[in-house]
Amino acid sequence: MNYYSSSYLSHQIVYRASTVRKLMNDAENMCQLVKNFSTEEKSKLSLLPCLCGKPNSFEVLSDESDSVRENIGFDISDLASEKEYAVAFVYFKTRYAAIVAAEVLHSENPMLWVTELAPEPNDVLWSNLCIPYRQLWFRKIAILLAAIAFMIVFLAPVAFVQGLTRLHQLSHAFPFLKGMFKQKYIKQLVTGYLPSVILILFQYAVPPTMMLFSTVEGSVSHSGRKRSACIKVLSFTIWNVFFVNVLSGSIMGQLNAISSVKIILNQLAAAVPIQASFFMTYVLTSGWASLAVEMVQPLGLVYNTMKKCVCRIKEDQPNGFLSFPYHTEVSKLLMFGFLGFICSVMAPLILPLLLIYFVLAYLVYKNQIINVYTTDYESGGKFWPIAHNSTIVSLVLTQIIALGVFGIKRSTVAFGFTIPLIFGTLLFNEYCRQRFFPTFTKMSAQVLTEMDRQDEQGGRMEEIYQQLRSAYCQFRLISQDLCKSGRMDHQGDQNSIRIHSQ
């Protein structure tokens, strides 16, 4: 009110009421379960004795908030107000005012009042809003160290997988296997198919772990948490699937390869063609097979079969639909693009396999996004910079490996013409960073002002204000004490910011 008296609309305090919210969610799920019963089933359930010896009774209440509040027996808003966090959602009358308030420094101490644009109502991760702002930097450092430690621990299964691709090492370590390796189909199975399958099985633990890391990191939105997990999974996969497999087959060999900085180009140029068969098998097992699994959804199929055939629950839960797993699928697509760029110079046979994969992936993911997964919120295209940066890194690394190849072939002309390509790629990346990247991080005042004028001329401002006051409702059951019942359209999402006070 002091700084933005003309544009301030209202605010919503964030409360510490995780136990109350859990009870409300349990009550809502139970109510939904009872509503799905038929009248005959309800009459049968009412005859069952409860723990106190009295028969259970079911009474369907109206959806009005007054009747709900009368049957609660106490005012939950009074309970929640006793535990307020130093976090609030602040609503403004125009989008432009919200953007200005989110970008401006409000005190001489930058840590006193911290403001940023609020995520969409369905995108808010309420459990992380209670994290003090001063802890975020410590959490990010701790999670970075934990992710690095997890990558180091994961070297053991990767080294074991890489050892399977080198039969002479296995025969030397296990002499009793020499006779078995003389059989052609056993040799092809051990060196070709088995390593990629084992690596994929180990990698199933990576996305949940990275999602846990991103949650602890302190992201306040579901999209931000998935975006952070996507970056971690992609970095982890590129390091373990490509670099560790290419450079060496043992941990000591990996350390020796990394320490040899002067000859790393030649090592990469010589090692990538050797591992080409492994990468091709990896595309078949992790790419093509994953698309089949995505279409069939075996886990969901088994779960629904058990629920409807064994548990006799015929109705689907209203919140039982899944959202698209961006952190796993986007990182997988970018990993295959990375392998396509890297292997295109020395192992071009992988390109037809990748082309078929991307065509099938387009069809499969298009069907899944339209017909299977639900879209509860929009992330504003913020996954696109991850794809751009991954493509630039792939191009630069491909050109660096090409330098090593031309150096081994002693082709000075090709070596000389490749160097400008690296600088040209980096200059193109800088141009994109200056020209396009700000559109993913900042809002245009021109666009926001035009949207505000159109809403004002169309007479929709009062409707937007009413929707805005009830958009960020922390408690779904309390609709008139803390927020008014209703649902927010996307047209009013940009009128709010999130503020931390210390």
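Every residue, even glycine, has its Cβ placed from backbone N, Cα and C.
The domain 'CSC1/OSCA1-like cytosolic' annotation in TrEMBL covers 2-128. The domain 'CSC1/OSCA1-like 7TM region' annotation in TrEMBL covers 139-406. Residues or ranges marked as transmembrane segment in TrEMBL: 141-164, 185-206, 233-252, 264-285, 333-365, 386-408, 414-432.
Same-chain residues lying 6 or more positions outside the transmembrane segment (386-408) and placing a CB less than 8 Å from one of its CB atoms are 227, 230-231, 234, 265-270, 272, 330, 334, 337-338, 341-342, 344-346, 414-415, 418-419, 421-422, 425-426, 428-429, 432.
Remote same-chain residues near the transmembrane segment (333-365) are listed as 234, 237-238, 241-242, 269, 272-273, 276, 279-280, 282-284, 287-288, 291, 294-295, 386-387, 390-391, 393-395, 397-398, 401-402, 405 (criterion: CB distance under 8 Å, separation of at least six residues from the stretch ends). Across the domain 'CSC1/OSCA1-like cytosolic' (2-128), the model assigns an average pLDDT of 70.
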